[in-house]
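Structure first, commentary second.
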Amino acid sequence: MKPVIVVHGGAGRIFKDREEGARSGVTRAAMKGYSILKQGGNALDAVEEAVTSMEDDPHFNAGCGSVLNEKGEVEMDAIIMDGKSLASGAVSAVKCIANPIKLARLVMEKTEHMLLTDHGANLFAKAMGVPEIPGEKLITERSRERWSKNLEPDSNPQEFKKDPGTVGAVAIDNEGNVACATSTGGLTNKLVGRVGDSACIGSGGYADNHVGAISTTGHGESMMKVVLARLILYHMEQGMSPMEAADTALNYMKTRVGGLGGVIVVSNSGDWAARFSTKQMSWATVKDDQLQYGIYTGEIHTSSVAEALESK
């Protein structure tokens, strides 16, 4: 099996001054994940590395760069899933952790549970030796500015829900194993303790070697209502291609509950798709040593991996 990785940096509205950062961020993440796959590494390591890269990039709403809740704090959700065993690990409402996706992986591999939340997740992180960092280190000037604006009397909270909300990755490795990973800071000015789709298996992501892997992004409550990730895999099980399944599920979510979002998909045969119903979604993929990426509908830039490495 030829390895493939697909990543997204969130579906929503990407302002012009942030487009280049979003493009470079997703291409860098895809290249890092693909490097692991190319050397014979597994899909789980690849998606974790790709998502970690975006959690460390302030252009994205995950890790450093996460949006703030109603109290001006960062609370993050993440999930990772192994398509071979259906093992999964997730964390929700975690604070003062640089890379929630790494903590989710530890939940999957070091506990008998699938989801740890808030204080319990932070206690587990401490027990695992995961370093705690000051919450302020995760807060960017932009996140604080968006939070402040939403507190103004004439603000429109719905406008802020259009901002990109999640990062994610899906991959298939040389052995034919698939995996997914998703991480987010959630919604600007969300209620304290709010958990979206990203930590919820079947909504924020799903991976099954029998079908493929999905990572989702967009309005979390809508995705949970239709269990978006698993719905896409269901359509693929019925014979649809990744693109057809993604479009069908996104259209159903829009017509049934009025929700917008985006998804990345890789099938167990190595076919992939990056689809969205929002105005934009930053995405990138590497397959057959070829990098492709875009932000707008119909936008696809292509270069060889060698060219991309040279341009760095």
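Yeah, the Cβs are placed from backbone N, Cα and C, and that goes for glycine too.
The following features are taken from TrEMBL:
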type     : residues                                                       : note
ACT_SITE : Thr166                                                         : active site, nucleophile
BINDING  : Arg194, Val195, Gly196, Asp197, Thr217, Gly218, His219, Gly220 : substrate binding site
Completion exercise
The most crowded of the recorded positions Thr166, Thr217, Gly218, judged by neighbouring Cβ atoms within 10 Å of its own Cβ, is Thr166
Practice task
State the Cα to Cα distance, in Å, between Asp197 (substrate binding site) and Thr166 (active site, nucleophile), rounded to an integer.
Solution key: 10
Handout entry: Cβ neighbour count within 10 Å of His219 (substrate binding site)
Key = 23
Handout entry: C-beta crowding around Gly196 (substrate binding site), within 10 angstroms
Key = 25
Exercise for the section: Rounded to the nearest Å, what's the C-alpha distance separating Gly218 (substrate binding site) and the residue listed as 'active site, nucleophile'? Just drop the number here, would you? Expected result: 7
Completion exercise
If we take the Cα of the residue listed as 'active site, nucleophile' and draw a 10 Å sphere, the binding-site residues of Arg194, Val195, Thr217 inside it are Thr217
Practice task
Return the residue, from the listed binding-site residues Arg194, Val195, Asp197, with the maximum count of other C-beta atoms within 10 angstroms of its C-beta.
Solution key: Asp197
